[in-house]
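These notes concern the structure reproduced below.
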Amino acid sequence: MTKKLHIKTWGCQMNEYDSSKMADLLDATHGYQLTEVAEEADVLLLNTCSIREKAQEKVFHQLGRWKLLKEKNPDLIIGVGGCVASQEGDHIRQRAHYVDIIFGPQTLHRLPEMINAVRGNRSPVVDISFPEIEKFDRLPEPRADGPTAFVSIMEGCNKYCTYCVVPYTRGEEVSRPCDDILFEIAQLAAQGVREVNLLGQNVNAWRGENYDGTTGSFADLLRLVAAIDGIDRIRFTTSHPIEFTDDIIEVYRDTPELVSFLHLPVQSGSDRVLNLMGRTHTALEYKAIIRKLREARPDIQISSDFIVGFPGETTDDFEKTMKLIADVNFDMSYSFIFSARPGTPAADMVDDVPEEDKKQRLYILQERINQQAMAWSRRMLGTVQRILVEGTSRKSLMELSGRTENNRVVNFEGTPDMVGKFVDVEIVDVYTNSLRGKIVRTEAEMGLRIAESPESVIARTRKENDLGVGIYQP
């Protein structure tokens, strides 16, 4: 009988990536098949996020629902991972004693051993340590799921912004070796992946070891990834302005595979608030980066993160944020009302901004960003955009759907053989959440760059005597 695994994931793209790796790992070692139905699973895993308000209570509410399933099936294994587990592991065990496994973001690769231990002696396992890069060395060969894929290139953060729990839950910055990253991407390219999104809590801080023992820069890595045949679109997230150096900007000038879209969080337009946040950059320095980016890539569009109502934020501070939004002309944003994360310096600050002011500021900010996003979309009307075709449209099975470089969804009439390939379309209609296009060119007519085949990258980066991401043996 097939054993089944159910994973519920909250939070960032890194958590989504981690969950996909958990599924692949437990399929390879134990034969667990994913199911969307928790009631039919043999193992339930909750991959948590501690960024949002009341994250801990959300975890216990979910575990309470799963407790009912365990009462019906005592052999059911329940595991909690992610950042809340890393931060609150002991508390979870005390409050939810029926949880069998608690693991952190850096120990998910040990899940097979943890499950074996629970199956063997029914004693709970807690492992929320930070074993640096070992996690990546023991994951199975990646499996493509469509033409796009996420690839984690580093973990952790050293910036210690006063509101953020990431350094405490994922540890300090650790970069994967260059060859390991190229090996994984080449494997994905050989399976038909055309777009990769490089992931890290502070992705542009990557400083990985090269094959010759030297240390590579993030700009170097971008060019190496772009050289892999089949990888014709590269994204990365999330970046920090303090390490967005000129050599990265130069990649935008000479590497067409790097998309004309960047998510670069700024959080506030007020230098005083930025200082309280521990951001180590000013609004003017942020704008200088954007100016240089637009000199290198005039059509680049920018998105960002904003926190409103940070302790001490005045009306004048908020107005400076709104001015920055207008000056940069952001295309989109992820914006939130401040809520204190336990254990962070900001949690000890006086939360002196009235709740109504916070809500009003968030509304004003989001309305302005939405207006700017629609203006950007309208500018695309009549232009030709390159689309990576992801599949059929959600609105009509008779149409295809894909995304532009700036993440706009485009629906258009096409043929099934276009899925997983690029097409150029003319934008003929603009809607609130999507665009409509008409095909003007297929991939065969594009003359995309060919530099190095995935097979040659795999052969060049494979290490027979090392563990490596591709040869984990359960």
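Backbone N, Cα and C define each Cβ position, glycine as well.
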C49, C83 bind [4Fe-4S] cluster 1 in Swiss-Prot, but which of C12, C157 does that record place at the same site?
C12
Counts by DSSP class (helix H/G/I, strand E/B, coil) across the domain 'TRAM' (378-441):
5 helix, 33 strand, 26 coil
For C83 ([4Fe-4S] cluster 1 binding site), what is the secondary structure state per DSSP, taken as helix, strand or coil?
helix
Between C12 ([4Fe-4S] cluster 1 binding site) and C164 ([4Fe-4S] cluster 2 binding site), what is the CA-CA distance rounded to a whole number of Å?
14
Near C83 ([4Fe-4S] cluster 1 binding site), which residues of its own chain have a C-beta under 8 A away, given they sit six or more steps off in sequence?
G11, T48, C49, S50, I51, A55, P105, V165, V166, T169, R170
Find the average pLDDT over the domain 'Radical SAM core' (143-375) in the predicted model and report it.
95
Determine which residues of the same chain, besides C12, C49, C83, have their CB within 8 A of the center of the CB atoms at the recorded [4Fe-4S] cluster 1 site, and list them by sequence.
W10, G11, M14, N15, T48, S50, I51, G82, T169
Starting from the [4Fe-4S] cluster 2 site formed by C157, C161, C164, give every other residue of that chain whose CB sits within 8 Å of the mean position of their CB atoms, in sequence order.
K159, Y160, Y163, V165, V166, P167, Q201, G278
